[in-house]
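Q: Pasting a structure below so you can have a look.
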Amino acid sequence: MQRLLAPARRVLQVKRAMQETSLTPAHLLSAAQQRFSTIPPAPLAKTDTWPKDVGILALEVYFPAQYVDQTDLEKFNNVEAGKYTVGLGQTRMGFCSVQEDINSLCLTVVQRLMERTKLPWDAVGRLEVGTETIIDKSKAVKTVLMELFQDSGNTDIEGIDTTNACYGGTASLFNAANWMESSYWDGRYALVVCGDIAVYPSGNARPTGGAGAVAMLIGPKAPLVLEQGLRGTHMENAYDFYKPNLASEYPLVDGKLSIQCYLRALDRCYAAYRKKIQNQWKQAGNNQPFTLDDVQYMIFHTPFCKMVQKSLARLMFNDFLSSSSDKQNNLYKGLEAFRGLKLEETYTNKDVDKALLKASLDMFNQKTKASLYLSTNNGNMYTSSLYGCLASLLSHHSAQELAGSRIGAFSYGSGLAASFFSFRVSKDASPGSPLEKLVSSVSDLPKRLDSRRRMSPEEFTEIMNQREQFYHKVNFSPPGDTSNLFPGTWYLERVDEMHRRKYARCPV
């Protein structure tokens, strides 16, 4: 029977026992844990070694209950057929009414995760939120989520909001892992929550919106392990996408610059990651170069799906340029003409793009395409986009197919901050294993997406107008019928004259 660590007060008792007795870690663990059905045991107290296999134990995805079809938007906006569905690679776009805001999205996804896993609320020692959807310049989303912990009496929870465009979720994940592998870890689990509402003014950018949230339970002995020492990061100052107008939800976007920044960050993060993993291999006696062949699956931050296909092709181009002439001729047919180019010379080269997309198509279909299911059908979720891709990947493969694989991940946030990192999937795919349970938990993703209501472009536009009208308005209750929300969804019930927000939950 699976077990779970005890409340915080029990942690203190065990630490005292450590000082008074010579109990081994195994004795401490069995004395301090309680039975639990879906999450594997975690070591309780810090020892002289790292907690083993820190990573993602459980994952929950939330998206709004309505969407607009991109083919309908193409007709409504009088653009050529395929501009959104082919040019951007988008099929549907989820969106929120005035009844939902970033607080309600995060309340919903955390509550769902905790209820599904049956995790006691006092078993969480860190909760961090990654978001760029700011409705208060001072009060963090994390503070609103503390309402969920009130009945448990658990207020000893570290972490706060982290913001830098779409990168905040990844920064929160890294912070959770760092906490767990530090002297400050008290033996409890961490929750990482990332969510956003991506909206744009009417025009070319509006079809690249979306909305959603992802919650991840972080702990040791995870089925998706963050590979230690393997992060390649790039940061710089850029004005590719930013939100200086605090009176509006809408960003300012330099589209061409943003694509160049994304690709440049990808190049540099991949180079840094490759250097670190090759150093690890060299220390182990392996002098082989790292390439995409060493990654079984690859997921990306997804502003729109076509960008991801270009990004995988870009990684192949990095491998091509760093390989020997013999390998270039044998493994990368069709790219020989670009052998003498430098990476920075190719960001806007359409001939290079076309050749790379063709050369990498099979690899894209094998490693990445399945990860785009949620993005294709719901749009850009900003901080939760990358982790929605992870959920999509898990939902389209069996535990047996995933077991033992490496999942590469690229996270990007405008402004800019980016990282390339990786997960190592557990080799245990047996029935009832943590990996099998994790995969099963997201297997209903396609069914849930299909259960949403299809709204017309006219209805979508009206709701966008309402969001503009009520943004930062006070003393009002949002219009709309809460029966249209998914069961168990938290929603904004009222904003009073002092901007204080009250939330309620739909019946489960």
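Glycine is treated like the rest: Cβ placed from N, Cα and C.
Taken from Swiss-Prot, the feature transit peptide covers 1-37, and the record attributes it to a curator's inference. Residues annotated as N6-succinyllysine in Swiss-Prot: Lys52, Lys333, Lys342, Lys358, Lys447, Lys473 (among others). Per Swiss-Prot, active site, proton donor/acceptor is recorded for Glu132, His301, and the stated evidence type is sequence analysis. Look at Swiss-Prot and you will find Cys166 tagged as active site, acyl-thioester intermediate, backed by sequence analysis. Per Swiss-Prot, the feature N6-acetyllysine maps to Lys243, Lys256, Lys310, Lys327, Lys437 (among others); the stated evidence is a large-scale study or a structure entry. Marked as phosphoserine by Swiss-Prot on the basis of similarity to another entry: Ser440 (among others).
Help me picture these features in the structure, burial and contacts included.
A: Neighbour density for Lys52 (N6-succinyllysine): within 10 A of its CB lie 11 other CB atoms from the protein chains shown.
Around the Cβ of Glu132 (active site, proton donor/acceptor), 28 further Cβ atoms fall within 10 Å across all displayed protein chains. Glu132 (active site, proton donor/acceptor) falls outside any helix or strand according to DSSP and counts as coil.
All protein chains shown were included, and the count of other CB atoms within 10 Å of the CB of Cys166 (active site, acyl-thioester intermediate) stands at 31.
Cβ neighbours within 10 Å of Lys243 (N6-acetyllysine), excluding its own Cβ and spanning all shown chains: 17. Lys243 (N6-acetyllysine) falls outside any helix or strand according to DSSP and counts as coil.
Counting only residues at least six positions away in the same chain, the Cβ atoms of Thr348 sit under 8 Å from the Cβ of Lys256 (N6-acetyllysine).
Within the same chain, residues at least 6 positions away in sequence whose Cβ sits under 8 Å from that of His301 (active site, proton donor/acceptor) are Cys166, Ser385, Leu386, Phe410, Ser411, Tyr412, Gly413.
The DSSP secondary structure for Lys310 (N6-acetyllysine) is helix.
In this structure, Lys327 (N6-acetyllysine) is part of a helix by DSSP.
Counting every protein chain shown, 10 other Cβ atoms lie within 10 Å of the Cβ of Lys333 (N6-succinyllysine).
Lys342 (N6-succinyllysine) falls within neither a helix nor a strand when secondary structure is assigned with DSSP, and so counts as coil. All protein chains included, Lys342 (N6-succinyllysine) registers 7 other Cβ atoms within 10 Å of its own Cβ.
In this view, Lys358 (N6-succinyllysine) is surrounded by 13 other Cβ atoms within 10 Å of its Cβ, with every protein chain counted.
Residue density at Lys437 (N6-acetyllysine): 20 other Cβ atoms are found within 10 A of its Cβ, drawing on all protein chains shown.
Look at Ser440 (phosphoserine): DSSP puts it in a helix.
In sequence order, the list of same-chain residues 6 or more apart from Lys447 (N6-succinyllysine) whose Cβ falls under 8 Å from its Cβ is empty.
Mapped onto three states, the DSSP output places Lys473 (N6-succinyllysine) in coil. Sequence-distant neighbours of Lys473 (N6-succinyllysine) (same chain, six or more apart, CB under 8 Å from its CB) are Val495, listed in sequence order.
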Q: Most Cβ neighbours within 10 Å: which of the modified residues Lys310, Lys327, Ser440 is it?
A: Lys310
Q: Check the Cα distances from Lys243 (N6-acetyllysine) to each of the recorded positions Glu132, Lys333, Lys437 and keep only the ones within 10 Å.
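A: Hits: Glu132.
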Q: Quick one: Cα separation, Lys342 (N6-succinyllysine) versus Lys310 (N6-acetyllysine), in Å?
A: 17
Q: How far is it from Lys358 (N6-succinyllysine) to Lys310 (N6-acetyllysine), counting Cα to Cα, in Å?
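A: Each residue's Cα considered, Lys358 (N6-succinyllysine) and Lys310 (N6-acetyllysine) end up 10 Å apart.
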Q: Between the modified residues Lys327, Lys333, Lys437, which lies closest to Lys52 (N6-succinyllysine), Cα to Cα?
A: Lys437
